[in-house]
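The following features are taken from TrEMBL:
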- 20-38: transmembrane segment (TRANSMEM)
- 50-71: transmembrane segment (TRANSMEM)
- 91-115: transmembrane segment (TRANSMEM)
- 127-146: transmembrane segment (TRANSMEM)
- 166-185: transmembrane segment (TRANSMEM)
Amino acid sequence: MKNHETVTLVPTKIACIGRIAHPALLLSAYYMSFTDLVASPQYTLQNTLLPLTALQVAYAAICLPVAGSNAPRPKRAKRTSPKPTWQVPSISATLIALILTALTVPFITMLMLLCGAPLTSHLAETMLMSAHLALLAIFPLVYIYGLDSAAWLSVTALRHPLDEVFGAYVGAFLGAWLGAVPIPLDWDRDWQRWPITIVTGIYLGYVGGKALGGSAFYGKRIEFD
């Protein structure tokens, strides 16, 4: 895949279905677990981590091109039979993407702490929230780009054109930031406890950014002028 270009999703019928079903499943699962999240944030974030991993892996395997899948290859003689447009990604590629994603969790946690997360309490909740954010925002990008430094520079500098995957990345982090707004307000609600509103913002921002990046803002770039 060329650097700084929008991501083209796998052109199959099952990928189209997966693209629609994925955000619906995410929000449905989050809605059903919200009461438990309010009652016990750490327990719920921990117990939903594995199902989220499975859902993200399925989404990537069905809908996204794996790293290197569009790399230039030596020309070969033409064949009369049509070439397949998609193949099942190897387990090793998925595992490597998951491992690399897991390595980002400590850095996201430190970012959360620098932005005001509790340092002497709720550290487990902050780390679990960071793991959810990494699986949502980081894993699909790692799956697509691997260790492509030019692509990652484009992503982290927010110079990458918007698409479904990069839009979801931006939306998730923006949602996390906006999700912190209700916490200090004097409403005395159970759902204002750390980190419930931030996790909610992450999920809503991810789905919203995914939808807008893949449609209305597809191909556009974030302007800072």
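Residue numbers in this text run from 1 along the chain shown.
Backbone N, Cα and C define each Cβ position, glycine as well.
Automatic prediction, not curation, is the source of TrEMBL annotations.
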Apart from its near flanks, which chain residues at least 6 from the ends of the transmembrane segment (127-146) lie with a Cβ under 8 angstroms of it?
1, 7, 42, 45-46, 48-49, 52-53, 56, 59-60, 64-68, 93-94, 96-98, 100-102, 104-106, 108-109, 112, 152, 155, 165-166, 168-169, 172-173, 176, 195, 198-199, 202-203, 206
Residue numbers, six or more beyond the limits of the transmembrane segment (20-38), whose CB comes under 8 Å of its CB atoms:
44-45, 48, 51-52, 55, 59, 63, 190-191, 193, 196, 199-200, 203-204, 206-207, 210-211
Would you kindly list the residues that approach the transmembrane segment (91-115) from elsewhere in its chain, counting only those six or more residues past its ends and only Cβ-Cβ distances under 8 Å?
53, 57, 60-61, 66-67, 126-127, 129-131, 133-135, 138-139, 142-143, 146-147, 177, 180
